[in-house]
Every structure is written in C-alpha cells, then in structure tokens.
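Engineer: Once you've had a glance at the structure underneath, I'll fire off some questions.
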Amino acid sequence: MSHYEGDLRTPESARFAILASRWNARITDTLVAGARQSLAGNGIAEANIDVIRVPGAWELPLVAARLAAAHEHAAILTLGCVIRGDTRHYEHVADRCAEGLMRVQLDFGVPVLNGVLAVERVEDAEARAGGSHGNKGEEVALAALEMVNLLEQLP
C-alpha cells in the first residue's frame, strides 16, 4: 500500500503566481504580504514569485486560467476579499469566483489555491488578514507548497 503526503519541500526553480484583487486593498495587501513572506520563508526566491493584480474577485478565474494555460507556474495563489452588503451581489461574486477557480484547477491540472475571503463584515476580514485568525495569505502559500510537492510524488 502506497502512502502519499505533500510537505513544504519544493524545487528552488518552481515559480508561483499570486493573483490578488485590488478591491478591499487594505485586506488584500496584507494577504499578499503574508503569502510572499511564507513562500520566501520556505526557500522560494523573490524572482520566482509573480504578483498580478486584478480589479476584483470576479476577474480572478480568467487570469488564473490564462496563467495555468501558459504552464509557467507550479501553483497559482488567488487572494481577495468579498464582504457581504445589502444586495445579493456578494453571493454571485463569491460563489462564481470559487467555482471558476476550481474549474481552472481541474481543467489545467495546476494547483489553484482559493484565498478569497468571503465574510460578513470587514472585522471578519481583518481577523483573517493578520488578526486573531492568522493570515490566510500565509496559509494559502503553505498549501500551495504542499500541493506542488504532493503532485510531484503522485504517479
């Protein structure tokens, strides 16, 4: 019986893309900083990290698909923040973004990590962007490293 489990060891030559929405920039900038710090702390050179900004979470799947099709990145980290408002717009954006990112991952076989915060209040986002619930950008980066390692092991 074989057992496979990824760890944080990734080839030094591996490239990572961080896609981040500009919407709610105060939150997303903190997520990006956490992701970059986490990748660098695990041996990924700054030159191997591409940061791409998009207007909002809605645009993340399209850019992720373009990057995945180019096959230049070992993983694509997506970061954003959607905060519930008074309309149903929140559900449309958060749900369709997640569905689109999953489709890109499955269609191209490249890990696409969903670090888009879908929260009720700005305080919930702050708690997940370096506050009491940690930094989800850091967590997404660690998951990306682990997935790259795991996929290298699988037959």
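Cβ from N, Cα, C; glycine included.
Not my notes, these are from Swiss-Prot:
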ACT_SITE  His89  active site, proton donor
BINDING   Trp23, Ala57, Trp58, Glu59, Cys81, Val82, Ile83, Asn114  5-amino-6-(D-ribitylamino)uracil binding site
BINDING   Asp86, Thr87, Arg128  (2S)-2-hydroxy-3-oxobutyl phosphate binding site
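Any idea what these are sitting next to in the structure?
Structural biologist: Counting every protein chain shown, the number of other Cβ atoms lying within 10 Å of the Cβ of His89 (active site, proton donor) is 12.
Annotation for Asn114 (5-amino-6-(D-ribitylamino)uracil binding site): spatial neighbours Thr78, Cys97, Ala98, Leu101, Met102, Val140, criterion Cβ-Cβ under 8 Å with sequence separation of six or more.
In this structure, Asp86 ((2S)-2-hydroxy-3-oxobutyl phosphate binding site) belongs to neither helix nor strand by DSSP; it is coil.
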Engineer: Pop the Cα-Cα gap between Arg128 ((2S)-2-hydroxy-3-oxobutyl phosphate binding site) and Trp58 (5-amino-6-(D-ribitylamino)uracil binding site) into the table, whole Å please.
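Structural biologist: Answer for this pair: 20 Å between alpha carbons.
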Engineer: Fewest neighbouring Cβ atoms within 10 Å: which of the binding-site residues Glu59, Asp86?
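Structural biologist: Minimum Cβ neighbour count within 10 Å, taken over the binding-site residues Glu59, Asp86, occurs at Asp86.
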Engineer: Among Trp23, Ala57, Trp58, Glu59, Cys81, Val82, Ile83, Asn114, listed as contacts of 5-amino-6-(D-ribitylamino)uracil, what is the widest Cα spread in Å, to the nearest whole number?
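Structural biologist: Pairwise Cα check on Trp23, Ala57, Trp58, Glu59, Cys81, Val82, Ile83, Asn114 gives a maximum of 16 Å.
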